[in-house]
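Everything below concerns the one structure shown next.
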Amino acid sequence: MALNFNSPTFQSIKTTRRPCSPLRSPRVFMASTLRPPSVEDGNVKKPFSPPREVHVQVTHSMPPEKREIFDSLHGWADNNILVHLKPVEKCWQASDFLPDPASEGFEDQVKELRERCKEIPDDYFVVLVGDMITEEALPTYQTMLNTLDGVRDETGASLTPWAIWTRAWTAEENRHGDLLNKYLYLSGRVDMRQIEKTIQYLIGSGMDPRTENNPYLGFIYTSFQERATFISHGNTARHAKEHGDMKLAQVCGIIAADEKRHETAYTKIVEKLFEVDPDGTVLAVADMMRKKISMPAHLMYDGRDDNLFEHFSTVAQRLGVYTAKDYADILEFLVGRWEIEKLTGLSGEGHKARDYVCGLAPRIRKLEERAQARAKQKAPVPFSWVFGKDIKL
């Protein structure tokens, strides 16, 4: 689930900031900007600061009156969103797909797993590890959802449908990192200590989705991300099958199925917002796309590579696990899913936002084609996750 948004493809898309819309509250607070350390100014990197700059952060941008919309949707969410959760007793668990340590055949099962993994290329493991690390940063994602005004879990055990969804979604997602982590541990193909360090760094750094405590922006972001993870895990499943590890293909495939179900829930929320507030919602979609959807693990660091996420995402792009084309395809899918082209009765700003969003995917594709044509072969980069081996970018 990776893509480099510092690439020429995305830098070339010029964006202009629109004037303050009805979506934004006049009461907006700016958090400080974290600057990366530099030799020139003598700064020393702080141990718990993100590996790269975090944008100037806007907070609480949703006008207070918009909160009433989410309060009014409690009954709808009960009947239409919580149905996309599975009862715990019907959910798969990581142990269903792993060698059973209580069985007499445990050692033989581990040997079989390691044998299957022997011929899988290192670059595939780089991408699989990156996906697993992204899943393991789950505490950050629950934290992010609980920053959203009007839908956060106010008590830690709130019984509003929004809070129930966030906790249960987190519980379902928790199985993904558990399963991939244990499979990779048993494979013997990766440096688990370096991976564990990367996870700790990532959770400590957090994420910067630029959702502004605004549930409009937050649910648009999660709609995009769940589809991105569905695509990414689906492609790692396909690659595992091609490399002959059918069990690993099953593992990645079952995770992809969860992501698809979660995508359905989040896209339904945004669909409902389009129904009750089309102008505010299309402005929010345009806002998120102007800012560009950053991947959840964009602050990834392993203690060695300051450009780890960029390198990981480049390998994912080369292998076709998650690409710039996928980014454009997701946008196009959501535009169709939410029927943005058919929106009527919009304000002047709403019309501009609709036209911008509907025309963006073709522009991204054209820019990516040009970037690929100009792309130069990059030197291989060592990845600590695979014991410092050089991996082609």
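Glycine is treated like the rest: Cβ placed from N, Cα and C.
Positions annotated as transit peptide by Swiss-Prot, on the basis of similarity to another entry: 1-30.
Annotation comment: Swiss-Prot describes Glu135, Glu173, His176, Glu259 as Fe cation 1 binding site, evidence class similarity to another entry. Look at Glu135 (Fe cation 1 binding site): DSSP puts it in a helix.
Classification of Glu173 (Fe cation 1 binding site) by DSSP places it within a helix. Same-chain residues at least 6 positions away in sequence with a Cβ under 8 Å from that of Glu173 (Fe cation 1 binding site) are, in sequence order, Glu135, Leu138, Tyr141, Asp258, His262. If you look up Swiss-Prot, you'll see Glu173, Glu226, Glu259, His262 marked as Fe cation 2 binding site, on the strength of similarity to another entry.
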Three states by DSSP: which one describes His262 (Fe cation 2 binding site)?
-> helix
Within 10 Å of the Cβ of Glu135 (Fe cation 1 binding site), how many other Cβ atoms can you find? Include all protein chains, please.
-> 26
